[in-house]
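Take a look at the structure below.
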C-alpha cells in the first residue's frame, strides 16, 4: 500500500490532467479542424496504451498457470463473438468516433468554461441510460446530484446566444455517446480496459483524423500533430492511469471524488490561459456543480445484495471481496490486477457499491 498523501496527490493530478484538455483543445482548434483534433487526441491515448498492453500480455500469457492463461485454447470464442463484439463495435462508434467529435464541435462553438461544466452531463446521461436500459439503481441522492449538475449547466449557458445553444447541444450529444460507451464498457467482460482504450484511440482516432484531413485537403503542421498527440497522451492516457492507480489504493469512491475536480481545473485554466471571464454566473454554476458531485460521489449506495454464480473473464485483483478463487501462486497475485477465466460462487453480503460488472442486481425501490 502506497503513502496515502502521495496517492491523494495522484488522484487530484488525474483530475487536473483530464480537466486541462478542454482549454488546451480550444487553443488547438484555432489551427486544426474538429475532426483532426478529435482524431489526434484519441490517437494519443491509443498510443499511450501500447506499452501497457505489451506489459499485460507478457504478464498474463506467460506468468500464469496453464489453466488460467488467456489464449484461444481456453476462451469460448463463439461466446465472445456473440456476446461482446457488438458491444465493442458500439463502443468504437459512440465512444471513439462520435463522442470526441461532438465535443470538439461544441468546444469550437462555445467557451472552454461552459464546456468544462457541461461535460458533467456525462454523469447525468450515463445514470439515466443505466436506469432505463442497464438495470442500474437511482436513489434519492443520485437523483439530487443529477438535478444539481443539470442546473449548473443551465446557469452557465443562460443568455449565451445562438452559438452557445449549438455548443450545448453538441456537448450533450457527446455526453450521450460517452454515456452509451460507459455503460457498454462496464458490461464487457472479455477485454481489458487497456485494450478497449487502444481500440477507441487507434480506430476511432484514425477514422476522425482521416476524415479531417480529407475535409481540410491538406496536411497538418508537424508541431500541431505533436501538440495534439501529447495532449491526448496526457489528458486521456496518463490521467486515466493515475485515476486507476488512486482507485486501487483509495477505493473507487474517494478516487472518483478527486477525479471530479476535473471541471474546476478546466475552468481555472480557461480563465488563466484563455482569459475567459469569471462572473457571478460562473460562481453559481460552480456551486451547483459542487453540490451535485457531493451528492453523487459521497452519498453512497449500500445494502444487502446477492451475487449469483457466474463465470467470466476480466481484469481483477483479489482484494475486493468478490474474487476469492485460488491460484497456484497466490502470493504473486495478491493485490495485483490480472485477467483470466474465473468463477464466482454465490454470495450474499453488504457493502458500498456502484452498478459495475458485478452489481447489476434488481432493487425494490
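Each residue's number is its place along the chain shown, starting with 1.
Just so it is clear, glycine is given a Cβ too, placed from its N, Cα and C backbone atoms.
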Per TrEMBL, the transmembrane segment among 66-84, 256-274 spans residues 256-274
Residues outside the transmembrane segment (226-244) whose C-beta sits under 8 Å from one of its C-beta atoms, at least 6 past its ends, are 10-11, 13-18, 20-21, 24-25, 28, 32, 36-37, 40-45, 47-49, 52, 193, 197, 201, 205, 220, 255, 259
For the domain 'EamA' (168-297), the DSSP helix/strand/coil residue counts are 111 helix, 0 strand, 19 coil
Stretch-level contact, the transmembrane segment (280-300) and the transmembrane segment (7-29), CB cutoff 8 A, at least 3 pairs:
no
Checking 7-29, 35-54, 86-109, 115-134, 164-180 against the transmembrane segment (256-274) for Cβ pairs under 8 Å, the most are found for 7-29
How about the transmembrane segment (7-29) and the transmembrane segment (164-180): do they have 3 or more C-beta pairs under 8 A, pairs 6 or more apart in sequence?
no
